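First the structure, in the form of C-alpha cells, and then the observations on it.
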Amino acid sequence: MTELLRPDDAGLSRAASLLHEGQLVAMPTETVYGLAGNAADDRAVAAIYEAKGRPSFNPLIAHVSDIAMAEGLVEMSDAARALAAAFWPGALTLVLPLRAGAKVSPLVTAGLSTLAVRMPSHPVARALLSTFGGAVAAPSANPSGRISPTEAAHVMAGLDGRIAAVLDGGACTIGVESTIVGFDETGQAVVLRDGGIPEEALAEVLGHPVGHRAEGAAISAPGQLLSHYAPEGAVRLNVTVPEPGEVMLGFGPMACDLNLSESGDLAEAAANLFRHFHALDAMGAGRIAVAPVPETGLGRAINDRLRRAAAPR
Ligand code: TXA
Ligand code: MG
C-alpha cells in the first residue's frame, strides 16, 4: 500500500523518515511530480529504477535544497553559477562535472562523469529536502515511457503499491519538466532538453544565444528516448481539421474535445499538457489529433513532448 501524505509537518516528517530508511516518496515539484530516493543510498536509487521500470543507462537528476548542497556535488563554472543565481530555485537542471568524493550513488549518474542537479522551487519539495537534509535523486514519478504526473492522483495511477508514499501538493504549476542545460568543451551552455525555462530567458542572463543539443552530439541527455511522454492513443500533430474518430486536442480558440489553452497562452498550455494526456487515456482515446502550437518560448518544450508522444513506438 502506498501512503498518501498531506504536506503538513506530520506528512513531511513521515516522508523524510521514509527517505532515511531508503524508501521512495513521490514529491510535488513546480514542473512535475518526482519519485524521490536518497541520492547517496545505492539501494534507494536502484529501487527508483526498479519502480519505474527505467533502463539503467538513463541517469537521474539530484535535487538539492540550496547552493551549498549543489557545490558539494558538482563543480560549478561561472556560467553555471550565473544561471543558478537567475533561475534557482526553479525549473532549470544543470549538468556539471561530478565532484570527487561527492556523496552520490554511481547509479544516479549511470556511470557518467557528470551529474544533473536542480533546486526545485515548490514549497513542499523544499520543505522535504530541508527536513531530509540531503540530496534526493528524482526522475518524474511515472512508469518509464509513460506520461509525467502533474497531480498526486496521476502518481497513484501509475505507481500505487510500488512506492512507499506520495506527498500530495496539488497540481504542478509549470506542468512540463525542467530545462536541462549542459556545457560543451569550451564551457558554452547547451540546452539538452527544452523545458520550463525558455531558452530566450537563458540567453538573456548569459548575454548570448545558447546552443541546442545537436542530434548525435557528444553531450546529450541520454533519457531523450524518442517515444516518451506518450498517451496510449496514436497521436497526429499539426492538425487543423480532425478526421472522423479522432479526439481533438486544441490550442487557441477552436472547436475541440479538450483545449490546452483557449486563449492561446503557452504557460497555461504547458500546465495542461500532461493533465490532458492523462484525461485522454482515461477517456480511452484511440486516435488523438493535436492542433499546432507555436515554436517559441514554452512552446518549444510543449512541441518537444508532443513530437515524442507522436513518435513511432
Ligand atoms: O522537472 C524535472 O526535471 C523533473 C522533476 C521531478 O524534477 N525530473 C525529470 O527527471 O524530468 P527525468 O529523470 O524524467 O529526466 C531526467 C533527464 C533525462 O533525460 C536524463 O537523461 C537527463 O535528465 N540526465 C540526467 N543526468 C544527466 C547527465 N549527467 N548528462 C546528461 N543528461 C542527464
Ligand atoms: Mg521523465
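Including glycine, each Cβ sits where the backbone N, Cα and C put it.
What TrEMBL annotates here:
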BINDING   Thr31, Ala138, Ser178  L-threonine binding site
BINDING   Arg54, Asn58, His63, Thr114, Arg118, Ser140, Ser148, Arg193, Tyr229  ATP binding site
DOMAIN    9-197  domain 'YrdC-like'
Binding-site residues listed as Arg54, His63, Arg118, least Cβ neighbours within 10 Å:
Arg54
Take every residue in the domain 'YrdC-like' (9-197), average their pLDDT values, and give the whole-number result.
95
Given the binding-site residues Arg54, His63, Ser148, Tyr229, find the one whose Cα is closest in space to the Cα of Ala138 (L-threonine binding site).
His63
Using Cα positions only, nearest of the binding-site residues to Ser178 (L-threonine binding site) (Arg54, Arg118, Ser148)
Arg118
Whole-number Å value for how far Thr31 (L-threonine binding site) lies from Arg118 (ATP binding site) (Cα to Cα)
11
Entries of Thr31, Ala138, Ser148, Tyr229 (binding-site residues) sitting next to ligand 1, with Cβ under 6 Å as the cut-off:
Thr31, Ala138
Using a 10 Å radius around its CB, how many other CB atoms surround Tyr229 (ATP binding site)?
25
Please identify, among the binding-site residues Arg54, His63, Ser148, Tyr229, the one with the smallest Cα-Cα distance to Thr31 (L-threonine binding site).
Ser148
Structural state of Thr31 (L-threonine binding site), classified by DSSP into three states
coil
Cβ-Cβ distance under 8 Å to Ser148 (ATP binding site), same chain, at least six residues away:
Val32, Tyr33, Ser140, Ala141, Asn142, Val176, Glu177, Tyr229, Phe274
